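Enquirer: Please read through the structure below; I'll follow up with questions.
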Amino acid sequence: MKEEVKGIPVRVALRCRPLVPKEISEGCQMCLSFVPGEPQVVVGTDKSFTYDFVFDPSTEQEEVFNTAVAPLIKGVFKGYNATVLAYGQTGSGKTYSMGGAYTAEQENEPTVGVIPRVIQLLFKEIDKKSDFEFTLKVSYLEIYNEEILDLLCPSREKAQINIREDPKEGIKIVGLTEKTVLVALDTVSCLEQGNNSRTVASTAMNSQSSRSHAIFTISLEQRKKSDKNSSFRSKLHLVDLAGSERQKKTKAEGDRLKEGININRGLLCLGNVISALGDDKKGGFVPYRDSKLTRLLQDSLGGNSHTLMIACVSPADSNLEETLNTLRYADRARKIKNKPIVNIDPQTAELNHLKQQVQQLQVLLLQAHGGTLPGSITVEPSENLQSLMEKNQSLVEENEKLSRGLSEAAGQTAQMLERIILTEQANEKMNAKLEELRQHAACKLDLQKLVETLEDQELKENVEIICNLQQLITQLSDETVACMAAAIDTAVEQEAQVETSPETSRSSDAFTTQHALRQAQMSKELVELNKALALKEALARKMTQNDSQLQPIQYQYQDNIKELELEVINLQKEKEELVLELQTAKKDANQAKLSERRRKRLQELEGQIADLKKKLNEQSKLLKLKESTERTVSKLNQEIRMMKNQRVQLMRQMKEDAEKFRQWKQKKDKEVIQLKERDRKRQYELLKLERNFQKQSNVLRRKTEEAAAANKRLKDALQKQREVADKRKETQSRGMEGTAARVKNWLGNEIEVMVSTEEAKRHLNDLLEDRKILAQDVAQLKEKKESGENPPPKLRRRTFSLTEVRGQVSESEDSITKQIESLETEMEFRSAQIADLQQKLLDAESEDRPKQRWENIATILEAKCALKYLIGELVSSKIQVSKLESSLKQSKTSCADMQKMLFEERNHFAEIETELQAELVRMEQQHQEKVLYLLSQLQQSQMAEKQLEESVSEKEQQLLSTLKCQDEELEKMREVCEQNQQLLRENEIIKQKLTLLQVASRQKHLPKDTLLSPDSSFEYVPPKPKPSRVKEKFLEQSMDIEDLKYCSEHSVNEHEDGDGDDDEGDDEEWKPTKLVKVSRKNIQGCSCKGWCGNKQCGCRKQKSDCGVDCCCDPTKCRNRQQGKDSLGTVERTQDSEGSFKLEDPTEVTPGLSFFNPVCATPNSKILKEMCDVEQVLSKKTPPAPSPFDLPELKHVATEYQENKAPGKKKKRALASNTSFFSGCSPIEEEAH
């Protein structure tokens, strides 16, 4: 009852969940550590919190329930209300701990939460209490967006639920569905129905996040079957709160954001209630009505309930701030004091109250009339009452005397009993020592005999030392007995002193009487205990004596038993022999007399065996009796020890009671003395006041005379007061400057600390995001390593050997391992930085800092100075913000202008790029025509092979003319290369301008790899725009077979031997030159693209045949001499084989790369055929004399090759870049 009046604190259990896979993938670390064997948790390195229960991540659900929740259920059956409350941030495991997502399929799983286990335990206890009748009702509600919804009602729209407050029953919910349940299965089905109706949604932090507060209530009413009027009512509230959340982490939008705002609002009101109840200094208003959640939990927090708060936290360091807030709220909740009472039925309580009132009135009536008077007495009531009062007074006085005597007798009895006990203990010790000394004396005699026999000097010395020690022991035992006797005498003297103290007043008589009765009762118990102890000890003594006397008999019986057993064995053997002899004698008729004797002997032996067995059984019974006696003796000794301990405790209790009574008596005596002294002082003060009154009456006359003088002095004092006030104002104005400086410095420091704290939080969030990205990269690399995939290298299309592929795979695995190690090292470094920052924030943000912050402002003057300084800082910050905003607007406008310019330049770049692409297409077409021309010349050389056989001189002239044509073509190709180089320089200039524009706009509108990569397929930068474009023609050059073969083989080798790393070098090495543009008038021959059949052909217009300098196709041209003869044949072959078709450069064929250009470079097969033809021609050339000297011809050819060698590099580059979009490398294909 005393605890209920004082209040019972709210019990807090801390539960920490393990790290979830998402936190592990983000690289989060544990920020909580647990003290083994203690309910204590440490945040960081030195900030610790202590609670009633602490459960680490490895704790199972069953242990949490049995340790923290199960004790509350016992109080529910005693009539007390109980509440289990789960509190914490979102995703911390509240619904898991409470079992808010329970279904019937999880019945026997170890992950079942608190609510299903509570239901099972309730019905188990109900089954045990067979003498009570129980009625159970359940209700289930949720608070969603500050609206109460009934989860057990099938149609939520119809239910209108309101909260009402009853002065007798407390908070009531009107309109809430309550279902009566009889078995546990019905209750579980109600729970499952409510869980299915509960509002749940997914957020970025939790896939199954509770969006409402849920309260499952079980109402229990119990009545005794024997007494229907006595009944108890209790309620058990099981609360699963929604978790506090941050929009930054949950990324909630729309309805989820609105739900999160309402959840945080309700939890804020709950936190305010916890803070108000947990602060002992405030003791003021508690804001229960701020939200519906706190209104419903009014009895659970600071009211009529046993409450347990399960604080659920996350151990991840990314949630440190939310975890710390939860720990602080839980620590405050431990300071809340509840006042639970037994909830009795109002009718039963009223009935019991009336019964007590009737009893009190009956007692008062008896006291007034002196008991029930018979009707025959005719004496007046007043005289009878007077005599009864006198008699009562005399009886009271006699009772007081008897109580004093009883207390004195009890004290003396206690003292005597204490002496007896001490003497008994001393006697027992002495007997034990006597026994030891006897044993020592026997040992001493043995040792002396041994010494005499062995004559060893060392043993004699040891024996002397033992004798000295025995004497010392006896002396010490005598001293201890003397000390005990002295202690007993001092105790007796103290009691005598106490008894000789002055008598107390009548007000202490009741306490004295109670003390005397207690002492008498304990003395009586002690006497009875001593009697029982004496009987037990006597019985034990007798039984031990009997045992000692029975011991030799026991030995004798054991010997007799052995002898009897031997005799029985011998007689048994003899009996068996006789039986055998009788069986043999039956066969022989002559031995009848002998068998008769043997039969009699057999009967005698059987009688002896029976007698011996009887004796054996009797002696074994005696031995068993001896063993039972020993057991009884040991049991008696144990009971004697227990009774002695009980006697000691009773004596100690009597002594403590006597000591308390003595202290109380001394205190009362001291109070009486103080009261007497106070009365004397009051009398003296009364006399003193009388004298003072006389003096004051004499002084009064004098004061009236001095009134005028006092009036004058008052005016002077007022004048002085005004002067002092003026001086005070001046000092205050002077002191205000010092106060302002002090307040300014203090506020500056506080603002700086708060700003640095916020910056540290921002850096902490950045570090957490960095670690999250690093963890994702590590996870991706590990997945690639486990699956055997390689990172996609940028390689050209080529054929790899098996060893190269294996080498690349091993190199890629090593690189992945190194990347993983470097990333893990970086993650460890980030984790160390995060832990350091979090520890600094914990040190900076102490719980008392907000309270201590305003303690420095104690006066209105300091508050004014602080307000003035803050207003000044606010104005200056506003001005600075406006300046920054104006500069930001200017930078935005300049950025917009830059973007506009960049957009225009990009459009211009696109136009120039399209023009260059068209120009390149034209150049490619011309190049293809030249290749076809060379192939036609090769065909012509094959046709002329027969003519070479006829005349060597004609063949030599034709070869020289071919060489000349090839030289001219080579010169033209060089001019084309120079033009290409010029275009590339212009490209580089425009590219630099574009880069400058991007830097000026501070935005990378084009990706860096698209603009600057040497491997890009779109590396064309347009030249400066010109006002007018003039169509130009490029010079044509011829190229001999050897040059084409060399260039083609070199390009093929480069494609086969080069990889992705050598692309940049190749692209940088080749720098095409700008083609030289010549006017139309310098071009010789026609520029037809068709058959040269009409007068649009320049050569036909001038009435001349097309020649080598013409751009027309020799196989199609009708204006050539050789083409006129075989026109029909050429036309047929042109349409089928030799015609040139310009392919669409944007057409993509499956399996080929994007922008696969027309293959203009001859492949190795064609070049090989060319070489074979040339070798045949050279072999078939006869060594006949001719107008041209062949050695000279060879000399000219070698000189030509030597002159041509410096230009091979450019030719090779030109041959490798003759594809579509010449001047840029082809698109690289990823290795799959």
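Every residue, even glycine, has its Cβ placed from backbone N, Cα and C.
Computed from a predicted structure; not experimentally measured.
Taken from Swiss-Prot, the feature compositional bias 'Basic and acidic residues' covers 1132-1142. Marked as phosphoserine by Swiss-Prot: SER394, SER801, SER815, SER951, SER1001, SER1013, SER1017, SER1126, SER1225 (among others). Marked as phosphothreonine by Swiss-Prot on the basis of a large-scale study or a structure entry: THR799, THR995, THR1181. Annotated region 'Disordered' per Swiss-Prot: 496-515, 1122-1142, in sequence order. Positions annotated as region 'Required for the interaction with PRC1' by Swiss-Prot, on the basis of experimental evidence: 663-1232. Residues annotated as region 'CRD' in Swiss-Prot, with experimental evidence given as evidence: 1086-1144. Per Swiss-Prot, motif 'Nuclear localization signal' is recorded for 793-798.
For each listed feature, how buried is it and what is near it?
Expert: In the structure as shown, the Cβ atom of SER394 (phosphoserine) sits within 10 Å of 10 other Cβ atoms.
Following the DSSP three-state reduction, the secondary structure of SER815 (phosphoserine) is helix.
Other Cβ atoms within 10 Å of the Cβ of THR995 (phosphothreonine) number 14 in total over all chains.
Its own atom aside, the Cβ of SER1001 (phosphoserine) has 18 Cβ atoms within 10 angstroms in the protein chains shown.
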Enquirer: Based on Cα distances to SER394 (phosphoserine), point out the closest of the modified residues SER815, THR995, SER1001.
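Expert: The answer is SER815.
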Enquirer: Rounded to the nearest angstrom, how far is the Cα of THR995 (phosphothreonine) from the Cα of SER1001 (phosphoserine)?
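Expert: Taking the Cα atoms only, SER1001 (phosphoserine) lies 10 Å from THR995 (phosphothreonine).
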Enquirer: At a 10 Å cut-off from the C-beta of SER815 (phosphoserine), count the other C-beta atoms across all protein chains.
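Expert: There are 13 such Cβ atoms around SER815 (phosphoserine).
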Enquirer: In the three-state scheme derived from DSSP, which category covers THR995 (phosphothreonine)?
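Expert: In the DSSP reduction, THR995 (phosphothreonine) maps to helix.
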